[in-house]
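J.: Input: one structure, supplied below.
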Amino acid sequence: MNTLNDSLTAFDPDIAALIDGELRRQESGLEMIASENYAPLAVMQAQGSVLTNKYAEGYPGRRYYGGCEFVDGVEQLAIDRVKALFGAEYANVQPHSGATANAATMHALLNPGDTILGLSLAHGGHLTHGMRINFSGKLYHATAYEVSKEDYLVDMDAVAEAARTHRPKMIIAGWSAYPRQLDFARFRAIADEVDAVLMVDMAHFAGLVAAGVHPSPVPHAHVVTSTTHKTLGGPRGGIILCNDPAIAKKINSAVFPGQQGGPLEHVIAAKATAFKMAAQPEFAQRQQRCLDGARILAGRLTQPDVAERGIAVLTGGTDVHLVLVDLRDAELDGQQAEDRLAAVDITVNRNAVPFDPRPPMITSGLRIGTPALAARGFSHNDFRAVADLIAAALTATNDDQLGPLRAQVQRLAARYPLYPELHRT
């Protein structure tokens with residue numbers, strides 16, 4: 001029997017049912033994990049296209065396979081669009097993820113054993129910025145800068161001192177859990193002082209940069225890496241940007257053949273579509289609502305009824321799409337708070353806070369993000385309602401209070417249907 005044209009529902013109802021269940025879960029609750037977003041239907045259609053069938057090792061116009069005339073057009077569109085979106089001279093759109101984009105950049109510009117300097121994972125950095133068990137900590141001599149114990153901000157004087165002490169070949173500016181903007185110009189000045197390459201990992205805030213509501217690192221960094229989902233709202237994947245032709249040549253070689261073989265042209269098509277969407281006025285409006293929503297949430301969680309329960313907002317607020325909730329003085333730990341919000345259909349993730357006394361699987365914090373709700377169309381009033389629901393859930397004194405909150409969450413979510421074209425009957 002030829003199954004080539006069988007539908008998923010007909011051939012594999014088990015997987016189809018699980019996908020449908022996930023769709024209902026995403027639609028009926030509030031997705032507030034800061035690294036998650038909703039990919040537009042057009043992006044998912046591009047990713048689910050016949051381009052998944054095509055091998056295309058190499059780059060547009062320089063492939064090792066025949067029949068690449070259409071995938072060449074797809075990849076060139078993605079390159080041109082992302083360069084225009086971020087004002088970069090060169091772009092590589094082939095990395096399968098942000099982690100592989102970072103790995104390829106290091107492979108291109110460093111030798112094994114070279115020193116790198118990045119934000120400590122425990123203070124908001126990322127695995128690929130030098131964690132010991134990650135490739136970045138195994139292949140390179142990883143050193144770290146931290147946030148200040150007084151205000152939990154990156155102390156640029158301390159970064160400069162660490163750079164002078166360790167003399168890194170690469171300085172990494174970027175984060176996975178830090179609620180403020182970074183001073184890219186100062187990072188570049190420090191990098192120049194010690195003759196280091198500055199790599200900015202803007203995976204979390206790329207969408208804000210594209211919309212013009214966050215400073216761009218592109219004019220300052222030697223290299224900028226990013227994911228294409230998160231605030232950018234595209235498919236899961238990575239990109240690398242730069243303005244130096246010599247660096248661009250090294251990066252292209254490091255991606256292919258250095259790190260990867262055949263590019264995922266169906267994902268690159270989805271990236272191209274996402275880049276086009278990110279250039280639209282509606283996208284800029286969405287990113288502003290994303291920022292405003294995070295600030296509304298931070299403001300609500302600093303009110304007396306929350307603060308008196310030992311719950312605090314790290315740094316007192318946010319400049320980006322996420323809020324870090326500090327539970328070190330609260331009755332709840334991070335795991336308990338995550339579970340409490342899950343009980344009312346609000347999905348967040350527990351997250352370590354700087355100087356966290358609890359183990360990483362428990363933590364003393366929450367990371368709460370607004371990109372997915374902004375993508376669904378949530379207004380300022382909606383974000384105020386969400387902030388009230390989160391505050392009520394975190395300060396609830398018994399489980400009986402959670403049922404009515406869950407009903408309110410479901411009513412709010414129902415006002416914004418998700419992917420109606422995908423619902424199965």
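Placement of Cβ uses the backbone N, Cα and C atoms for every residue, glycine included.
Take a look at what Swiss-Prot says about it:
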BINDING   Leu121, Gly125, His126, Leu127  (6S)-5,6,7,8-tetrahydrofolate binding site
SITE      His229  site 'Plays an important role in substrate specificity'
MOD_RES   Lys230  N6-(pyridoxal phosphate)lysine
J.: In whole Å, how far does the CA atom of His229 (site 'Plays an important role in substrate specificity') lie from that of Leu127 ((6S)-5,6,7,8-tetrahydrofolate binding site)?
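T.: Rounded to a whole number, the Cα-Cα distance is 18 Å.
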J.: With the (6S)-5,6,7,8-tetrahydrofolate site defined by Leu121, Gly125, His126, Leu127, which remaining residues of that chain have Cβ atoms positioned within 8 Å of the Cβ centroid?
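T.: Nearby residues not in the site list: Gly118, Leu119, Ser120, Thr128, His129, Gly130, Met131, Asn134, Ser176.
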J.: For Gly125 ((6S)-5,6,7,8-tetrahydrofolate binding site) and Lys230 (N6-(pyridoxal phosphate)lysine), determine the Cα separation and express it in whole Å.
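T.: About 16 Å separate the Cα atoms of these two residues.
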J.: Work out how many Å separate Leu121 ((6S)-5,6,7,8-tetrahydrofolate binding site) and Lys230 (N6-(pyridoxal phosphate)lysine) at their Cα atoms, rounded off.
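T.: Leu121 ((6S)-5,6,7,8-tetrahydrofolate binding site) and Lys230 (N6-(pyridoxal phosphate)lysine) have their Cα atoms 19 Å apart.
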J.: What are the sequence-distant neighbours of His126 ((6S)-5,6,7,8-tetrahydrofolate binding site), meaning same chain, six or more residues apart, C-beta distance under 8 angstroms?
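T.: Looking at Cβ-Cβ distances below 8 Å from His126 ((6S)-5,6,7,8-tetrahydrofolate binding site), excluding near sequence neighbours, one finds Asn102, Gly118, Leu119, Gly174, Trp175, Ser176, Asp201, Ala203.
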J.: Round to the nearest Å and give the CA-to-CA distance linking Leu127 ((6S)-5,6,7,8-tetrahydrofolate binding site) with Lys230 (N6-(pyridoxal phosphate)lysine).
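T.: Here the two Cα atoms are 17 Å apart.
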